[in-house]
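Reviewing the structure listed below.
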Amino acid sequence: SLPAKLINGGIAGLIGVTCVFPIDLAKTRLQNQQNGQRMYTSMSDCLIKTIRSEGYFGMYRGAAVNLTLVTPEKAIKLAANDFFRHHLSKDGKKLTLLREMLAGCGAGTCQVIVTTPMEMLKIQLQDAGRIAAQKKLMAAQAQLSSSAGAAEPAVEARTTATQITRELLRSKGIAGLYKGLGATLLRDVPFSIVYFPLFANLNKLGQKDPNVKAPFYVSFLSGCVAGSTAAVAVNPCDVIKTRLQSLQRGVNEDTYSGILDCTKKIWQKEGPMAFLKGAYCRALVIAPLFGIAQVVYFIGIAEFLLDMLPKHRA
């Protein structure tokens with residue numbers, strides 16, 4: 001049933017995000033730093049410096065936004081894929097690869113309704129620590145180079161998702177929350193086109209009988225492999241999306257007017273390898289996230305909960 005699909009997708013998203021959010025924060029910060037302004041050399045270096053400067057919970061900046069919106073996002077994504085697969089199948093026959101890809105395309109298109117504002121807000125909060133650390137470092141360097149000791153730089157107040165949302169709605173309306181929509185589509189549609197058919201076919205390899213679900217560990221491993229493969233494949237689009245959705249820049253960092261301008265500047269100033277920034281972080285995020293999501297979704301926790309409600313009432 002649709003309610004069960006939505007509940008399963010929501011539970012899967014909550015569990016997955018809680019487990020991998022610090023890696024996602026490192027990915028955002030690595031993707032946003034530009035040549036000449038590098039604060040972090042790797043994922044581990046980023047997480048260590050984040051803990052030192054912002055504390056343990058600094059790794060979870062922006063997690064509240066993700067945890068709030070990941071439920072409808074994952075629910076829409078998984079339920080939409082099932083919906084399109086059902087309507088594209090003919091008399092219950094096996095879907096062709098093309099139809100599987102079309103179903104994934106439809107799921108990716110539907111999910112951006114929630115994904116775009118979620119990513120927009122999350123990126124501002126995740127990257128705020130990097131920009132603050134960069135400003136603090138430059139202020140310390142300026143203080144050392146000056147003959148007279150300057151005053152300590154003021155500690156910046158932490159911005160909340162609510163404040164960012166209010167400011168965007170006040171200045172730009174609802175369109176402000178959907179900045180980078182085109183780039184989000186450019187990432188999520190190809191991701192779903194790769195992910196869903198690959199997962200479905202890998203999962204079938206573990207089915208002894210077509211009418212029986214694959215074991216949970218097969219669904220988990222299939223989700224991990226399909227998720228990490230799709231994540232790396234679309235990482236260039238993710239880098240562009242992250243750069244476009246970042247409202248604040250570090251010192252001497254480029255700004256971008258659109259997808260083509262962003263692509264051109266990254267290619268010219270940072271080289272083609274810049275499009276792979278954070279690729280391994282993204283693979284580490286997506287693999288367990290979708291592995292967990294598929295296990296929860298296919299085990300059907302929601303069906304069990306919904307079945308128990310009438311019995312409990314009785």
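A Cβ is built for glycine as well, from the same backbone N, Cα and C atoms used for every other residue.
The repeat 'Solcar' annotation in TrEMBL covers 4-87, 95-205, 214-303. Per TrEMBL, the feature transmembrane segment maps to 283-306.
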**Request:** Using DSSP, tally how many residues of the repeat 'Solcar' (214-303) sit in helix, strand and coil.
**Result:** 70 helix, 0 strand, 20 coil
**Prompt:** Taking all residues of the repeat 'Solcar' (95-205) together, what is their mean pLDDT?
**Reply:** 83
